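Asker: Before anything else, here's the structure in question.
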Amino acid sequence: MVSLLTENLLNVLKAVAPLTAVVSLLQFTVIHAPEALFLQFLTGSALAIVGMALLFSGIDFGILPMGRFVGAALPEKGSLALIVAVSFALGFATTVAEPDVLVLAGQVDAASRGAMSRQTVVYVIALGVAVLTAVAMVRIVAGWRMKYLLAAAYLVALILSAFAPVEFVSLAFDAGSVTTGALSAPVMISLGIGLSSVLAGRSKVSDGFGLLGLASIGPIIAILILGRLLP
């Protein structure tokens with residue numbers, strides 16, 4: 001566990017260091033932000049490094065193995081309904097807890113001055129992810145071709161975007177991009193790989209992956225529908 005934490009800490013340092021270096025360079029050459037604000041940035045960066053290292057270690061140590069186990073265990077029950085229900089629940093729960101989704105929802109709440117509450121945005125995005133996660137798991141079981149599902153899902157999104165308010169179109173596609181974050185992505189990938197690994201005739205590569213791509217369309221469709229429903 002210590003070696004895992006050390007490895008993740010070094011990886012996070014390598015990832016965050018360029019950002020810190022660029023902002024620091026801008027601070028001393030161009031922007032000259034107040035000293036208190038710059039120190040606040042450095043403190044926040046240090047906290048983010050520690051936090052992400054702990055998060056990634058927790059994901060590697062416990063969440064990924066459990067996700068693969070759940071994905072592999074579901075087919076043994078012989079119930080497609082159970083696979084759909086579990087994948088829906090996990091898709092919803094991980095999205096509600098996804099940091100990137102919470103940040104986006106908070107920004108929308110602030111920009112709209114409460115017209116679209118943080119909770120509404122989070123739950124609508126989570127619902128979209130949950131539905132498409134369940135569809136993606138059914139795809140693995142049924143052996144459907146991913147390219148046809150992706151084409152159909154994006155076609156629905158494009159049609160809805162033609163009728164939704166313009167501000168919801170922008171929000172919808174941003175929502176699709178934040179759902180595949182540090183928490184939800186490992187859970188979905190491990191579920192797909194776990195499920196495909198125990199099904200005859202399925203490949204971990206061609207069938208196990210792709211779940212994220214399909215699930216990320218869910219929030220786009222969900223937000224566009226919300227835009228049509230709101231007065």
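Cβ coordinates are placed from backbone N, Cα and C, and glycine is handled just like the others.
These came from TrEMBL, pasted as-is:
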TRANSMEM  12-31  transmembrane segment
TRANSMEM  37-59  transmembrane segment
TRANSMEM  80-97  transmembrane segment
TRANSMEM  121-141  transmembrane segment
TRANSMEM  148-166  transmembrane segment
TRANSMEM  178-199  transmembrane segment
TRANSMEM  211-230  transmembrane segment
Asker: So, do the transmembrane segment (121-141) and the transmembrane segment (211-230) meet, by the test of 3 or more Cβ pairs under 8 Å (sequence gap 6 or more)?
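Answerer: With 3 or more qualifying Cβ pairs, these stretches touch.
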Asker: List, by number or range, the same-chain residues at least 6 past the transmembrane segment (148-166) whose CB is under 8 A from its CB atoms?
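Answerer: Distant Cβ neighbours of the transmembrane segment (148-166) are 132, 135-136, 139, 172, 213-214, 217, 220-221, 224-225, 227-228.
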Asker: Which residues of the same chain, at least 6 past either end of the transmembrane segment (178-199), have a Cβ under 8 Å from a Cβ in it?
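Answerer: Contacts with the transmembrane segment (178-199): 52, 55-56, 59, 63-76, 83, 87, 90-91, 94-95, 97-101, 103-104, 125, 129, 133, 136-137, 140-141, 207-212, 215-216, 218-219.
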